Amino acid sequence: MDREENRTQTISGRIDPCPPDPHTIDRLLGGAHHDPHSVLGAHPHSDGTVVRVLRPHADGVEVVREGGEGFPLAKVHDSGLFSGVVPGPPADYRLAVRYGDRVDVVDDPYRWLPTLGEIDLHLIGEGRHERLWDVLGAHVRSYDTPAGPVTGTSFAVWAPTAQGVRVTGDFDGWTGWAHPMRVLGGSGVWELFIPGIAPGTRYKFRILGRDGRWRDKADPLAFRTEVPPATASIVDASGHEWGDEEWMAARALRQAHAEPMSVYEVHLGSWRPGLGYRELAHELADYLGQMGFTHVELLPVAEHPFGGSWGYQVTSFYAPTARFGTPDDFRYFVDHLHQRGFGVIVDWVPGHFPRDEWALAKFDGGALYEHADPRRGEQPDWGTLVFDFGRREVRNFLVANALYWLDEFHIDGLRVDAVASMLYLDYSRPEGQWLPNVHGGRENLDAVAFLQEMNATVYRHHPGVVTIAEESTAWPGVTRPTHLGGLGFGFKWNMGWMHDTLDYAGRDPIYRGYHHNQMTFSLMYAFSENFVLPLSHDEVVHGKGSLWGRMPGDAWNKAANLRALLAYMWAHPGKQLLFQGGEFGQEREWSESRSIDWHLLEDPLHGGVKTLVGDLNRTYRATPALWTKDFTPEGFSWIDANDASGNVLSFLRHGVDADGKPTVLACIANFSGSPKRDYRVGLPFAGRWREVLNTDAQIYGGSGVGNLGAVEAERTMWHGRPASAVLQLPPAGVLWLVPEPGAGAVRRRAATAPAAAPAETATAAPALTGTAPTGPAADEPDLAAEVPASDSPERAPAPDPVPSESTGDPALDAEVPASDAPERPSAVAGPAAVSTGTSAPVTRPATGPAEPAPSSPNGLRHTAPDAAAPGATPPDATAPEASAWDAAPWSAARAGDTAPAAPPAEPGPDPDEMDTGELPTVSGTASGHAVPESPPAGADTVLDDGPAAPVAADAPDEAPPTPAVQPDATGSATGSSATRRTDDDSSTAQ
């Protein structure tokens, strides 16, 4: 009878034949048990199956087996521990949990096997699990059972020194008691499968640290988060069906270095405020198509709590920010852009993370993701923590994260932020506040190994993608392959070019000649790395002003200078990047808290800048010379690098078309504030050259100074080239010229007689640009130093020209018969020519009615200057005779303009010898202001050559002009500037 009563009590669930000892119960309820599955769940016993359940706040628990038979469990602890025995071996069952009058039927979380296998744990321990996101984090899973499928979510987190880990969330009322996790061996990975948890459920990990404190932590591998400032992670499962198969297949075959790449940098929150990922996809794709960009680069989209960080203080590295929608919404964003033909690059921040207690900082109670020593584990500039790159699991977390964005979201490139802060142990740290490496140096060898591993892994898995380094120092080999000892990046931001160019462009043209080397120095190292030229978000914040605001002068001059800067940038070797707002001349500094000023497009000047950028991109993409040889010296050659006095730069870009035939583009940039009349430039061959771009075209808001859409290059040697053309250079303007089909045929046709020497009226000693009608070897830029006029009272006879067999450009050389060589122009004896900003004075065209403005092949209208205005009078008796050129909108004498103090000037021309009566006139309006027929009486006059301006009372404190580059005896550039670091400042806001 006693035996039967005991059996009855066992079947009813009121007796646990092998209850856990009190210490085990205390560890379990205290959250410090490493394997709660060994206590909870179903366990075989000689009398049946022992079932133990932890359900705080429950009034009763019953085990329900197939067929609906129930077996109540006894409550053995006030904290909610229930136990009992059910007959038979372990079988499929459910739990009926009663809370007052409500009964919830649920599956037992503690009857399932681990969701991570031995191979997964081994790879995690080795730091080589390249799909880490598949095993850690939260994953919706489904299992088949005799009673039907069971669906729920598995949770796994790496916390190797934690005493205990629980999962808490919406499903337990955030109590954090019901779901302790188990650690899998010595891996440090805690795991639990909880049935019934569906996508959209919020959760966190409650971790008992080594210091004895409980902390609620967001999942480091969460795929979705709450909208900040809320911080919970959210269970997510993707249902997106990709439609970009054609894009992805084509991407794998691309060679990014030899293709056009024009990047539009965007902060999603301020580009079009109020839009989500899906709306932004359509708006942005339309805009990119209108503007002609090839890629969009997004400021960090990984979740970050503080909007003012612009995304650079990441707390959830695997979750797109919830500010604009769900992860599938972001997938749609990328998918749509791909289907429209645009690449997507995202900023990636593996160098540091914020100190928020609910995120990665002291994740399991001590330094885990960060370095334990603050001299390596803290970033003083930004108040953030630095990843411990020497820890295998941390490197694995970051390398897998890079792959995650490429795999799960089809991202086309990663721009890696603040690489310099990773490479140098003493970055922003004073002496004594940093730890040297094992060799006593300042290089972070662990970070170097991580970056090499990341790049090698990315390119191995995803051919066709790009990695881009924001690296602000002269660290060698950033874009060198890892097998050759480099870091392995595809591209590097050219911070040195950016700083030098913006400093130059921000100066008044009257001072630019003294800083000419800032524009030429970048070509000393342009091919040492694969560079991207960035005008990024960093340059329009923190009091730096906008690009528009940095330009000198009034609104018209700001627009002209900005247009010239952008056209020069697009022609310079390297890919280009422009931050939002720069494409139309945003006037205010950028702020993440407000929209960019789209209303400015109602102003013709701002609208003109936007139109120019669109034409720049379309012309760039249609011109292989601008991108097929961006990273080899053969893709660039100077025409004239040394016209510092005229503020003019001219060069050639070389490439090959789809058929492998050589192509060329000539870029002539006039950064002075006045036009250049009859400016001769050397070209590789004679014939007709089309003016495919003129930043001063009226459709861009310019004054319309141009060359009627084309120029005819003569067989007159200039700048060491066998041919040359006479151009009208617009003020603060850039011209792009390309040869028309058939141009250059003359160099392949044997001449029956040598070319006649040009008339003396069309030839003179070159203006003071450091060049002569001959030059160095055909494939070398003219590097001669600039010679002040006062040092050269007489011009020496011109030396012999280059051999007739050379065009001056290796990429364009063909069979050129010796008989085709033009005769050397005779040097003109007499006093040195006065600098007029031209390479040689030529016979000027007679004035007359202006011809109709032709349309260039890309639809740009280039207008010729109007006829001279009658009745123009000089401003005073001593000034040179004024021409209508001096009354154009670039004149410093315009109403409201003030000429800056001028540097010591060279002697001006004799007014009696000035030939101004035949000069064409530009008239019209600029920015709504009428252009005067002549300067106001008494106003200073700026001549077309710039440096001949009147001398101010006080000369500016500027150094005298220096040569752009100095050749040594072998032709190699020398000097201190050739070895200086390209940049030593990284101003990325963190």
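Quick reminder: no glycine exception, Cβ is built from N, Cα and C everywhere.
As given in TrEMBL:
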ACT_SITE  Asp417  active site, nucleophile
ACT_SITE  Glu470  active site, proton donor
COMPBIAS  749-778  compositional bias 'Low complexity'
COMPBIAS  865-900  compositional bias 'Low complexity'
COMPBIAS  944-954  compositional bias 'Low complexity'
DOMAIN    265-606  domain 'Glycosyl hydrolase family 13 catalytic'
REGION    1-22  region 'Disordered'
REGION    749-990  region 'Disordered'
DSSP state at Asp417 (active site, nucleophile), helix/strand/coil: coil
Inter-residue C-alpha distance, Glu470 (active site, proton donor) and Asp417 (active site, nucleophile) (nearest angstrom): 5
For the residue listed as 'active site, proton donor', the three-state class that DSSP assigns: coil
Neighbouring C-beta atoms (10 Å sphere around the C-beta of Glu470 (active site, proton donor)): 22
Cβ neighbour count within 10 Å of Asp417 (active site, nucleophile): 24
Mean of the pLDDT scores, which run from 0 to 100, over the domain 'Glycosyl hydrolase family 13 catalytic' (265-606): 97
